[in-house]
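The structure appears below as C-alpha cells.
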Amino acid sequence: MSLLLSFYLLGLLVSSGQALLQVTISLSKVELSVGESKFFTCTAIGEPESIDWYNPQGEKIISTQRVVVQKEGVRSRLTIYNANIEDAGIYRCQATDAKGQTQEATVVLEIYQKLTFREVVSPQEFKQGEDAEVVCRVSSSPAPAVSWLYHNEEVTTISDNRFAMLANNNLQILNINKSDEGIYRCEGRVEARGEIDFRDIIVIVNVPPAISMPQKSFNATAERGEEMTFSCRASGSPEPAISWFRNGKLIEENEKYILKGSNTELTVRNIINSDGGPYVCRATNKAGEDEKQAFLQVFVQPHIIQLKNETTYENGQVTLVCDAEGEPIPEITWKRAVDGFTFTEGDKSLDGRIEVKGQHGSSSLHIKDVKLSDSGRYDCEAASRIGGHQKSMYLDIEYAPKFISNQTIYYSWEGNPINISCDVKSNPPASIHWRRDKLVLPAKNTTNLKTYSTGRKMILEIAPTSDNDFGRYNCTATNHIGTRFQEYILALADVPSSPYGVKIIELSQTTAKVSFNKPDSHGGVPIHHYQVDVKEVASEIWKIVRSHGVQTMVVLNNLEPNTTYEIRVAAVNGKGQGDYSKIEIFQTLPVREPSPPSIHGQPSSGKSFKLSITKQDDGGAPILEYIVKYRSKDKEDQWLEKKVQGNKDHIILEHLQWTMGYEVQITAANRLGYSEPTVYEFSMPPKPNIIKDTLFNGLGLGAVIGLGVAALLLILVVTDVSCFFIRQCGLLMCITRRMCGKKSGSSGKSKELEEGKAAYLKDGSKEPIVEMRTEDERVTNHEDGSPVNEPNETTPLTEPEKLPLKEEDGKEALNPETIEIKVSNDIIQSKEDDSKA
C-alpha cells in the first residue's frame, strides 16, 4: 500500500514539473536493551542534496566508532552499537534539496537496562566483631527490587535485628561473628518485565588469632644439659601462622632451637645462663595478629657440697655442718628423721639444747647435753625457689652400758633350774660378766652355774642344789665409755597361799559352777592352775577337778541330784600345791519334770515338715520320749499322735497336705513326768510346678553311676586306640606286640625297674618311728592354755615374772608387801618396784 502511495506521489511531482521531498524512516519506534546494537534506514524521495541524522539533543550526528552514519544515494543508515541509557530519545532524519527546502522524519528510541550485577565479589570476607556490608550492585531500568536470602529465608524476616538492607541495596550485618558464615543470595526483580536474576555470595568471617599459652613462666638450671619446651596454641580463622621471636629476631630451627607442630612448640636445648629472658609467640592471619610472651628464668640449682657423719658421746656436745651452693643462695633446713622435727636458721629447741645458726649457704646445727634420743639420721635440705637438694648424715652417740630389764628378783627352789637374764644396751657394745662375791662366773667349782651370751644378753643359768645357791649375783658391763653393774637376787620360792571367797554361782541337778578369789601370795612363782576338790558329805573320797589355766571359775559336772557336797580349792605353782581354802557346802537341785521343749521348723522333702528340738532343761533326768500331737488348722480334724525317742534332735511329720496350715503340740517326758506342751504352728508350701522330668530324674542313683562309668570306659578306649595308631603305645599296642612275639628294650627296662622296686620294698622298706602324744600330754601355757615350747636341759621350769602383776583376765597377781625372800637363811623385804617373778 505504501509502495503504491509512493508511486502516486512521484507521478504527481513529475506531472507538476516540481521535485517534492519526502523522508521516511524504516522504524518509527524501537525498544532496545542496554548493550544491544540497532540500525535505522532513512529514505528520501525527491532530489535531496543531503541527508543528515540528529540526536535527541538536536545535534547533528557525526560518525564515531559506536555511532555510525552511512549514506547510500537517497538512503542514510544510522547504526548504534552497544546502546546505553544516554542513547535514548527522538532521532531525526533531515533531507535538504538544492533550493534549501528540508523534510524530516523521526524515530523514537527507547532504551531499557536488563538486570545487571556489577562488582559482585564472592567470597566476601569480614573480621569478626565488625559491622559487615555485603556488597551487591544490581541495576536495571526501571530500577529493580532487590532482596537478600539466607538459608532460603529473607533476611528482613529474620528476628535478629543485626541484619538490615541498606539504601544502596547492600546487606548490613552488625557485629558479625563466625556463626554468620554461609551463602547469602542477592536477588533482583523487574516487575514490568517479569525479569529475575540472582547472585550467591559466600560470606567468610575471619577470626583474629587468640593465643593460649598454658605456662608463661619457666625455670631451668644452667650447665646441666637441660632443655625447656614452650607451648603456644592459637585459635582463629583462617588458622593462624605461628612464629617465635627472641630479642626482636625471628627464631629459626637450628642446633639450639627445635620447632615442632607447625611452630606450636619451641624447645631450647642445652640451656645456659644467656638463654634466660622473654620468648615471644606471635600468631598471624587475615583478621589480625596476637602475641604473648613466655619467660625463661635460668638458675643454678642448689647443691650440698659438705655434709658428713658425726660421732659424740652422751651428755657431750656436737656441731653438724651443712654447706650448699646455688643461685639464688639456697635456704638450709635440718630435719631429724626420728620424729620429723625441723630446724631452720635461728631456731632453738624449747629446752635450749639445740640451736641453728647459718649464713650465705652454710648452716650449723649445734647440740649440747647430748641425749641418746638425739642419735640417728639428720637430713639437710638446701632449697630455693627453683628447686632443692637433700642429703643425709648420721649422728652416732656413744654411751656407757645401760641395764634394760628392771627385774632383779627371781624365784626358784632346790632342783629347779632358772635363767637370770642380764640385758644390756651400750654403744659401742659392752663386755658382760657375771660375778658372785668378786668371783667371775662360772668358776671351776660351780658346776651348777652356766652362762650363755645371746647378743646383748648374758644369761646366767642356776640349778640350785642347796641354800648357798640363793642370794645376790652381780652383772658387770664395760665399754670404753664406762662400767656399770647391777645386782640380782635369787630368792627361795614358796607354794601359793590359799584362795578365798569360794562360792557357788550357778546350780542345777547335776552341775555346779564354783567361783573363788586368787590367793594373796603366789609364793614368788606364777600360779599355773587351781585344784578344786569335791566330794559328797558322807564320802571320804575327794574327786579332783583342775581349772583351765588360771581361771578362777570351775564347772563341776556329773553330780547327783538332791545331794549335799563339800568343796575346797587350792592354788598350784611350780613349787607345788598351796594350802586349801575353807570348805564350802552346797546341795544340788532335786529331779523334776522337764521344761517345755524349744522347737523351730522348716519344710522337708515332699509333703513332710521337719521340727528341730533345741537342747532343753531335762529336769535332772534324761528325756525318755517326745509326744507329738498335730492336726490341720483349717478344719476340725482329730489330733494325730506320734512318739519319738528322747535322744532324737528332730521330728519329721509326713503325709501332709500342700498349702495347709497345721497346729502342733509337743510334750517332753522323763521318769518323773511330762512337761508343759509347746505349741507350734506352720503352713505347708504350695505344690511345686514340675513341668518335665529329666532323664536323670527318672533314673536311680545306681543307674546314674553306671552311665558315668560307661562313659569313662568309652573315653579310655578311644584314647588307647588313638595312642595305638598315632604313637604306637598303649594297652592295645602291648597286646599286639605280645601276640606277635615282639618285645621292646623299653619293656625290659620297665620290668627291671619294677623288679628293683619290688626288691627295695621287700628288703629295705621300714616305716619311720613316729612318737605320738595325746592332747593331755601336750605342754601348755599355764597362763592361757596355749601350746608352748618344751623345756630342755638349759631351760628352767619357771619363767621370770615382773611383780606386781595386773589382776585381770584370771592372771596371778602378787602383793609385794606380803612376800618374804629367803636368801641364805636371811629374810629380805622386797621393794615394790624390784620384786619380779
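Every residue, even glycine, has its Cβ placed from backbone N, Cα and C.
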Partner cysteine of Cys281 (disulphide bond, per Swiss-Prot) from Cys186, Cys232: Cys232
Per Swiss-Prot, the disulfide partner of Cys136, chosen from Cys42, Cys186: Cys186
According to Swiss-Prot, the disulfide-paired cysteine of Cys93 among Cys42, Cys322: Cys42
Swiss-Prot annotation, disulfide partner of Cys422 among Cys380, Cys475: Cys475
Separation of alpha carbons, Asn219 (N-linked glycosylation site) and Cys232 (disulfide bond) (Å): 17
Cβ-based isolation winner (fewest other Cβ atoms within 10 Å) among the glycosylation sites Asn219, Asn445: Asn445
Secondary structure tally of the domain 'Ig-like C2-type 2' (113-202) (DSSP, helix then strand then coil): 6 helix, 44 strand, 40 coil
Packing count at Asn406 (N-linked glycosylation site) (other Cβ atoms within 10 Å of its Cβ): 10
Of Asn177, Asn419, Asn474 (the glycosylation sites), the residue whose Cβ has the fewest other Cβ atoms within 10 Å: Asn177
Residue pair Cys281 (disulfide bond), Asn177 (N-linked glycosylation site) - Cα distance, angstrom, rounded: 25
Number of other Cβ atoms within 10 Å of the Cβ of Cys93 (disulfide bond) across all protein chains: 28
Across the domain 'Ig-like C2-type 4' (302-396), average pLDDT on the 0 to 100 scale: 92
Alpha-carbon distance [Asn309 (N-linked glycosylation site); Cys380 (disulfide bond)] in Å: 12
